[in-house]
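Engineer: TrEMBL lists these features:
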BINDING   83, 86, 87, 140, 175, 228, 239, 240, 241  Mo-molybdopterin binding site
DOMAIN    102-257  domain 'Oxidoreductase molybdopterin-binding'
Ligand SMILES: Nc1nc2c(c(=O)[nH]1)N[C@H]1C(S)=C(S)[C@@H](COP(=O)(O)O)O[C@H]1N2
Ligand SMILES: [Mo]
């Protein structure tokens, strides 16, 4: 691995994969314990027999014109070949490996502080939610950006259906756990399963979107099929993929990246050009597929939607 000092704005994915660098440091510390622990998992879960996916008929959905872009949509071919999905490897080229993800049958558990906990089959969820298309920017903490036509439904619609209790303060989202299907999950020095979280107010915000499709089709496995989050005012790691569980909780969840590097990947993770990551600048971003760098925007340009969420939180590290 080539490591040399660069100015923040020079950092490019070709030269540095910060999240991976962090993991490699952990490997040295935890490798021996991890290998010992691997034996303890035994057979793990069996691969589920595939069921047909009836969802393609739902696409394309009608576009919601309230969400506009300041740049062209990232070409689909660029997006499908450049992903972060650590369950299938720490490189950007995980699309082939992610094909082993079995997305039918798939259920989403809704539990915690709700009127009635339940488990919903993904196709029942898709049928019961109002699908629409939205053009969103996506800004990874590693300082690259895309613009994506997502299809999905507002997280708030699911919140309303779930009837959370007043004691619920956060939404905790969890990815599948299957060490046979996902080779990355055999790397037990990571705190699997991937977990993310939002405050109830963030989850109820107009922008918080549960994604089921992209580019007018069902979501590719590499992008987190069959259900992933999009919170475009936050760094990309908040946009958890392949969700199997949504819990309403009283305590702030400890997220996957926060457990790995609390001084680098915090709970809030709101995009801000003026708050550098400890190891690089966030002032600009590489626009994938466009051979261009652009200035980073506060809240990734979504301040009119979300700035009101953060009043009275002056002591919180909102941009980390
Ligand atoms: N389960 C899971 N969700 C995840 C990740 C991951 O490794 N595993 N990576 C995150 C990061 S760092 C980013 S930038 C986005 C990438 O989404 P994309 O590959 O569709 O661009 O997914 C996020 N969600
Ligand atoms: Mo990311």
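Cβ atoms are placed via backbone N, Cα and C, with glycine included.
Just so you know, TrEMBL annotations never went through curation; they're auto-generated.
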Engineer: Of the residues named as Mo-molybdopterin binders, 83, 86, 87, 140, 175, 228, 239, 240, 241, how far apart in Å are the Cα atoms of the most distant pair?
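Structural biologist: Result: 19 Å between the two most distant Cα atoms.
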Engineer: By the DSSP assignment reduced to helix, strand and coil, which category contains residue 87 (Mo-molybdopterin binding site)?
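Structural biologist: SS state of residue 87 (Mo-molybdopterin binding site) = helix.
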Engineer: Which residues of the same chain, at least 6 positions away in sequence, have a Cβ lying under 8 Å from the Cβ of residue 239 (Mo-molybdopterin binding site)?
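Structural biologist: Long-range Cβ contacts: 138, 196, 224, 228, 229, 230, 231.
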Engineer: Considering every residue in the domain 'Oxidoreductase molybdopterin-binding' (102-257), what is the mean pLDDT value?
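Structural biologist: The average pLDDT of the model in the domain 'Oxidoreductase molybdopterin-binding' (102-257) works out to 98.
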Engineer: For each of 83, 175, count the other CB atoms within 10 A of its CB; which of these binding-site residues has the top count?
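Structural biologist: Its Cβ has the most other Cβ atoms within 10 Å: 175.
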Engineer: Same chain only, sequence gap of 6 or more: which residues have a CB within under 8 Å of the CB of residue 87 (Mo-molybdopterin binding site)?
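Structural biologist: Residues satisfying the criterion: 98, 175, 176, 182, 184, 185, 192, 194, 241, 242.
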